[in-house]
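Quick look at what TrEMBL annotates:
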- B:134-313: domain 'ABC transmembrane type-1' (DOMAIN)
- B:438-618: domain 'ABC transmembrane type-1' (DOMAIN)
- B:18-34: transmembrane segment (TRANSMEM)
- B:67-83: transmembrane segment (TRANSMEM)
- B:90-109: transmembrane segment (TRANSMEM)
- B:115-132: transmembrane segment (TRANSMEM)
- B:139-162: transmembrane segment (TRANSMEM)
- B:182-208: transmembrane segment (TRANSMEM)
- B:253-274: transmembrane segment (TRANSMEM)
- B:329-347: transmembrane segment (TRANSMEM)
- B:399-430: transmembrane segment (TRANSMEM)
- B:442-465: transmembrane segment (TRANSMEM)
- B:485-512: transmembrane segment (TRANSMEM)
- B:557-585: transmembrane segment (TRANSMEM)
Amino acid sequence: MTSTITVEHLWKVFGPKPERVVGTELASLPRAELRERTGCLAAVRDVSFAVEAGEVFVVMGLSGSGKSTLVRCLTRLIEPTSGEISIDGEAVRAMNARRLRDLRRHRVAMVFQHFGLLPHRSVLDNVGYGLEIQGIGRAERHRRAGEMLTLVGLDGHENQYPEQLSGGMQQRVGLARALAIDPALLLFDEPFSALDPLIRRDMQTEVRRLHAEVGKTLVFITHDLAEALTLGDRIAVLRDGELVQVGTPEDLVGAPADDYVADFVRDVPRSDVLTLRWIMRDPLAGETCEDQPLPATTVIRDAVPRILRAKLPVQVVEGDRVVGVVDADRLLPALISHHRQVPA
Amino acid sequence: MVAVAGETAPRRVTRRRVLWVLLVVAAVGAYLGFRTAGAADSDDAAAFRFFTGVRNWVDDNRDTSPLFLYGVNYLRLGVRLLVDAVQAGLYGLGFAGLVAAAGAVALVLAGWRTALVAVGGFLAFGFLGLWAESVDTLVLTVSAVLLAVLTGVPIGVLAARVNWVSATLRPVLDVMQIMPTFAYLAPMTLLFLIGEPAAVIATLIYAVPATIRITELGLREVSPTSVEAATALGSTGRQLLTKVRLPMARPTIVLAVNQTIMMALSMVVITALIDAPGLGQNIIRALERVNVGVAFDAGLAIVIMAVVLDRITTGAARRRPATRGRSRWVVAGGALVAVVVVALLPIGQDLPRLSFAGPVNDLTGWIELHWYDATEWIKNVVSAGLLDPLESVLTSTPWWLFVLLVAAFGTLVSGVRSAAVAALAAAGIAGLGLWQHAMQTLATVLVTIVLTMAVGIVLGVWSARHDWFAAGLRPVLDAAQTMPSFVYLLPAVALFGASRFTAIMAGFVYAFPPVVRLVDRGLRDVPATVVEAAVSAGSTPRQLLWKVQLPMARGGLLLAANQGIVLVLAMVVLGGLVGAGALGYDVVAGFSQREDFGQGLAAGFAIVLLGILLDRLTQGFHHAKGPR
């Protein structure tokens with residue numbers, strides 16, 4: 001089972017009388033000026049996006065960009081100031097307390113940066129917490145919690161307490177707890193920021209594997225561009241509460257919407273992210289090409305040996321249709337362009 | 001706003017300094033111009049007559065007024081029933097049974113080491129020949145703690161969850177906590193007569209602020225991430241409370257119970273003054289005859305009880321939740337069976353008597369004989385050099401000038417609102433007709449706090465800089481903090497006899513442990529990176545202390561002064577029992593002589609007002625951060 005989210009014109013303003021900001025001329029003020037005039041902080045400003053079923057949707061931004069607030073607005077852990085949110089077509093902001101609780105109990109689960117485990121409960125009881133508050137009996141919830149621990153690779157740690165586990169293992173418990181209620185939608189709030197780099201990479205692999213295995217819709221918050229590029233089907237870049245760009249990793253690196261995004265992605269090796277589509281040129285009239293064409297979705301780096309070894313340009317195809325050609329002249333700038341300009 | 005403050009800060013500091021100098025000069029000038037002869041307080045002030053009138057009205061209407069018939073009397077009856085039930089329970093176990101029960105409770109809650117301490121401690125009550133008195137004290141303590149926990153924990157939970165409840169409670173709890181124990185005994189007797197119910201209610205009032213405060217703190221400290229995670233999984237409000245907040249706050253709530261017990265024990269002993277039975281009676285009787293040895297036995301029993309109760313509850317707080325489960329129930333069941341068996345055994349309490357009264361009296365006599373010159377010298381130097389001049393300045397200051405000065409200095413130190421409260425309190429003291437006595441008490445308090453801070457800061461700095469010293473000092477401070485305040489009078493009396501100076505010494509001994517702790521904490525809380533930076537810049541240890549650590553620990557030092565003053569006041573007033581005179585004596589006289597009741601009650605109020613005055617004046621200390 002998968003899930004879709006649509007968010008329209010979402011605002012979250014902190015401070016005294018926040019509702020006066022939205023929809024007035026105050027709304028267009030820059031953050032600092034708004035704070036000076038009203039004492040309010042606009043954490044999320046007029047954000048709209050849609051997440052497809054089964055997609056991994058990454059929200060990326062620096063600290064203070066409003067990304068954690070945004071993800072908390074989705075299940076109203078933070079009450080939005082205005083705007084519409086719907087999950088599977090149901091308006092979240094119209095839900096009463098009981099309906100909202102049902103949503104949180106059965107359909108949406110969240111993984112937190114600082115884990116949020118309960119120190120007085122064993123690992124097994126932490127994972128079973130969501131089932132326990134639904135009123136599921138002890139035997140059944142222990143069975144399911146045990147399965148989840150197996151899924152995240154924590155067999156044998158059932159009776160330990162959170163403080164006895166390392167950070168990475170604690171986050172696996174947090175992940176198992178979220179998976180235990182079998183939600184269609186998983187929200188991750190910077191889940192791996194508190195972990196050291198090697199563990200972080202393991203956990204990213206873990207998330208990709210789980211996504212492939214259980215096929216849920218994932219909304220993933222991060223400040224780490226590399227993480228966003230590895231995990232995201234699509235990435236939304238947030239700055240000062242506003243969406244700057246929403247697109248695939250390719251879109252962001254190949255066609256940044258503004259200087260801010262361009263600055264962000266400057267150090268990304270372009271050849272690792274971009275596909276041939278971004279460097280191909282139109283075929284010249286009567287040009288002879290290599291026999292074997294390359295698909296347009298090939299990442300540049302994977303095509304390097306073929307293109308450099310070829311005597312002739314290589315055709316780029318989408319299905320059977322030829323959409324362009326690449327040769328070494330087109331390839332080389334893409335391979336070196338990510339190097340930072342050294343000031344003279 | 002921030003930027004503006006930053007720009008004018010240096011100018012403000014100099015302006016402040018000029019203001020201080022001007023104010024001090026004006027104060028000295030005004031004092032020299034207006035000082036009075038300092039006439040003694042009248043025995044028959046309007047306030048005394050008013051309070052006597054109130055007492056007479058209460059005495060006449062106790063059985064007719066609806067307030068008493070349907071309110072106060074039922075409360076009294078209810079508390080009486082509780083005390084009787086607890087008493088029946090504890091006495092019903094018998095000597096052997098109670099010893100076994102203490103051991104069993106300690107075993108289940110805190111482990112077998114603590115159980116040994118508990119058994120040994122309870123046996124000691126028998127050996128000291130103070131069995132019945134100890135049980136009486138325990139009965140009152142247990143009753144008061146039961147009431148405090150049953151009311152305080154729910155209120156604390158409510159205060160943590162509902163902000164306006166917390167905001168409303170805060171000033172009430174503030175006043176309850178700075179009220180010296182002594183002050184509300186008289187009103188209690190007025191409402192509840194003398195005896196156990198009045199004692200339990202006075203103890204409840206004294207102890208419950210700690211229960212409420214610490215419970216609230218515990219709930220507020222629960223990690224917001226855990227609460228958020230549980231909310232995100234769809235917990236209801238009740239589930240959040242019972243499955244997340246309360247379990248996570250459990251260690252702190254047990255700590256709240258621990259503090260409640262310690263405070264209750266301390267107060268129960270003092271309620272001997274309003275005829276509550278128990279160890280306090282022995283101490284008061286002994287102090288009246290200046291028989292330190294007899295008082296020592298009772299004091300020792302109190303300290304043992306304090307240590308046992310403290311160990312059991314801190315042990316319970318430290319226990320890991322992992323030790324729950326079946327094995328614990330087995331232990332509890334086994335312990336219960338053992339207690340029943342032991343209680344049914346025909347073991348009497350015919351133990352060999354073990355009294356320290358003789359040796360202690362010999363020691364006291366020896367000290368009086370050989371140290372007389374030294375103690376007398378200290379006493380005289382402090383009295384003549386500090387206490388007398390200060391007292392004569394304070395008592396010869398006209399009350400209106402004092403009120404004005406409190407308002408002016410208070411505004412500088414703690415802001416307009418605190419200063420206004422302090423000035424009102426000062427005016428109230430004058431209105432009660434006890435100006436001279438209040439000023440005498442104030443002088444004693446000020447001298448004591450100066451001594452306490454001087455010694456406390458030196459020891460605190462030492463303890464922060466030398467770990468071996470801190471390690472040696474810690475058990476002493478621990479022991480000092482679990483001892484009920486009454487006990488502190490004993491060594492002071494032993495050394496200095498019954499005099500004003502005894503109160504100073506008792507106040508000093510009572511208040512300096514927390515001061516040392518706060519100073520030590522304040523210095524150690526200076527971030528290690530800052531210290532490292534200062535050392536790598538080439539600071540000597542002395543420079544490090546004076547230029548980095550002490551300025552940065554300023555908040556901790558001032559907090560220590562504020563806390564110290566409140567403690568010192570409580571103890572100095574208690575010194576009225578051992579010849580300190582002034583307000584404390586008025587209160588004691590109010591209990592014992594019917595015709596002095598009005599003055600005693602007025603003195604009680606004056607003490608409360610003095611407490612509020614001192615606390616508000618130093619209130620600004622709480623918020624002080626960094627150099628001014």
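Glycine is treated like the rest: Cβ placed from N, Cα and C.
Counting Cβ pairs under 8 Å to the transmembrane segment (B:67-83), the stretch among B:115-132, B:182-208, B:557-585 with the most such contacts is B:182-208. Between the transmembrane segment (B:90-109) and the transmembrane segment (B:18-34), the number of CB pairs under 8 angstroms, six or more residues apart, is fewer than three, so the stretches are not in contact.
Counted over residue pairs separated by six or more positions, the transmembrane segment (B:139-162) shares fewer than 3 Cβ pairs under 8 angstroms with the transmembrane segment (B:485-512), which leaves the two as not touching. Nonlocal intrachain contacts for the transmembrane segment (B:442-465), taken as residues 6+ away from its ends with a CB within less than 8 angstroms of a stretch CB, comprise 382, 386-387, 390-391, 394-395, 473, 500, 503-504, 507-508, 511-512, 515-520, 522-524, 541, 545, 549-550, 557, 560-561, 564-565, 568-569, 571-572, 575, 580, 582, 610, 614.
If one looks beyond the transmembrane segment (B:557-585) by at least 6 residues along the same chain, the residues whose Cβ comes under 8 Å of a Cβ in the stretch are 177-178, 180-183, 270, 284, 287, 434, 437-438, 440-441, 444-445, 448-449, 452-453, 456-457, 460, 485-486, 488-489, 492-493, 497-500, 502-504, 506-508, 510-512, 514-515, 518-519, 522, 550, 603, 606-607, 610-611, 614-615, 618-619, 621-622, 624.
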